[in-house]
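Participant: Before I ask anything, here is the structure I am working with.
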């Protein structure tokens, strides 16, 4: 084991099928037009066998605990209006099915794209008389995980024709190729130019967003997409943008689009 | 950070450097000729043993993040974003290695993934406490170059 990790050869993503509770996930999809790759690949294909197995088995996947917690929150009354999410949306298995495969989505009120976290805050503040969650509050991660889980298996597809989604995509693309920090690296340096190679112990994937929030073994906790993006930017020795800032929302739009056609895998398991 | 900011920070760093070490060449004054840097950055000979430490240290060179090196079999998790450095001294002269480590973009072109370790041509939004600073000091570069020069097959 030691010798194999010292001299780690180029390792291809595995040729394996991800089946969760009898449903096969799309882990390889033909790339949309204008994409640098021919095929988009789920991060699951780049992980070690033990990690892959954890995601394939819902009983072993610790992310499922957050789905359960999210369901409790869904049914809990909060705020001045005496409502829960369920008061308006009833059974999430029906009302939320497939929805998060199409986020971020244009929000005409905010005049910017919003993700599930921000949609939750919108309903909490406008429809429940409750406060917006603090970034990465355990409740925010659990509820987001629960809502995304209702789309498990659904292929990611954004509608770039809504509002000004296209110009946010353009901005996100520019950011993706912009080098940051003292180490002078762009997202593309690691997830495009070096995809499939090892950086230290990590097998570099395409950096796809379809599994978020993901359960990370290293942290033994759910990790939100903006937390992950901030971590990658920090590793270039740059200042981190604020969660839900224009900068990160544009990047989320573009990065999510790069995974067009992959199944929503929430809660994915990563190392 | 904008370009003007980078330039101000760079010249401030250069001035500090020239006060502290008379013979040290500032990052902005390093002369690249034919993909090589002929002059020592410090005038002090590199120490290969120190260089090996800088090479492996995750907070300094962290070269193993991207390069395999059979001469360090005890170091786990060697990456392969760049080529293996086994026998690298057979392929490159010390002056060329100094150029590659100081600012790989001057040798491999602007698209290379390898960071510049003694360069102030860096990315945007550099972490505040690192603005105007290079990843390695001039002497650490000399030490790493001395270490690389021992990697012969």
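For all residues, glycine too, the Cβ spot is worked out from N, Cα and C.
Keep in mind that this is a model prediction, so the values were computed, not measured.
What TrEMBL records for this protein is below:
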type: DOMAIN; residues: A:65-151; note: domain 'Cytochrome c'
type: BINDING; residues: A:85, A:88, A:89, A:123; note: heme c 1 binding site
type: BINDING; residues: A:187, A:190, A:191, A:232; note: heme c 2 binding site
type: BINDING; residues: A:228; note: substrate binding site
type: ACT_SITE; residues: A:232; note: active site, cysteine persulfide intermediate
Participant: Among the binding-site residues listed here (A:187, A:190, A:232), which has the Cα closest to the Cα of residue A:85 (heme c 1 binding site)?
Facilitator: A:232
Participant: Including all protein chains displayed, how many Cβ atoms other than that of residue A:88 (heme c 1 binding site) lie within 10 Å of its Cβ?
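Facilitator: That number is 11.
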Participant: Among the binding-site residues listed here (A:187, A:190, A:191, A:228, A:232), which has the Cα closest to the Cα of residue A:89 (heme c 1 binding site)?
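Facilitator: Closest by Cα distance to residue A:89 (heme c 1 binding site) among the binding-site residues A:187, A:190, A:191, A:228, A:232: A:228.
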Participant: On a C-alpha basis, identify the one among A:88, A:123, A:228 that is nearest to residue A:187 (heme c 2 binding site); the candidates are the binding-site residues.
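Facilitator: Minimum Cα distance from residue A:187 (heme c 2 binding site) across A:88, A:123, A:228 lands on A:228.
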Participant: Compare the C-alpha of residue A:191 (heme c 2 binding site) with the C-alpha of each of the binding-site residues A:88, A:123, A:228, and give the closest one.
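Facilitator: When the Cα distances are compared, A:228 comes out closest.
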Participant: Summarise the domain 'Cytochrome c' (A:65-151) by DSSP state, stating how many residues are helix, strand and coil.
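Facilitator: Across the domain 'Cytochrome c' (A:65-151), the residues distribute as 48 helix, 8 strand, 31 coil.
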Participant: Around the heme c 2 site formed by A:187, A:190, A:191, A:232, which additional residues qualify by having Cβ within 8 Å of the site's Cβ center?
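Facilitator: Counting only non-site residues, the set is A:185, A:186, A:188, A:189, A:192, A:204, A:207.
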Participant: Name, in the order they occur in the sequence, the residues of the same chain whose CB lies under 8 A from the CB of residue A:228 (substrate binding site) and which sit 6 or more residues away.
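Facilitator: For residue A:228 (substrate binding site), the qualifying residues are A:212, A:214.
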Participant: Roughly how many Å lie between the Cα atoms of residue A:123 (heme c 1 binding site) and residue A:232 (heme c 2 binding site), rounded to a whole value?
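Facilitator: One finds 30 Å between the Cα atoms of these residues.
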Participant: Which residues, same chain and not among A:85, A:88, A:89, A:123, have a CB within 8 angstroms of the centroid of the CB atoms at the recorded heme c 1 site?
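Facilitator: Here the non-site neighbours turn out to be A:74, A:83, A:84, A:86, A:87, A:95, A:127, A:128.
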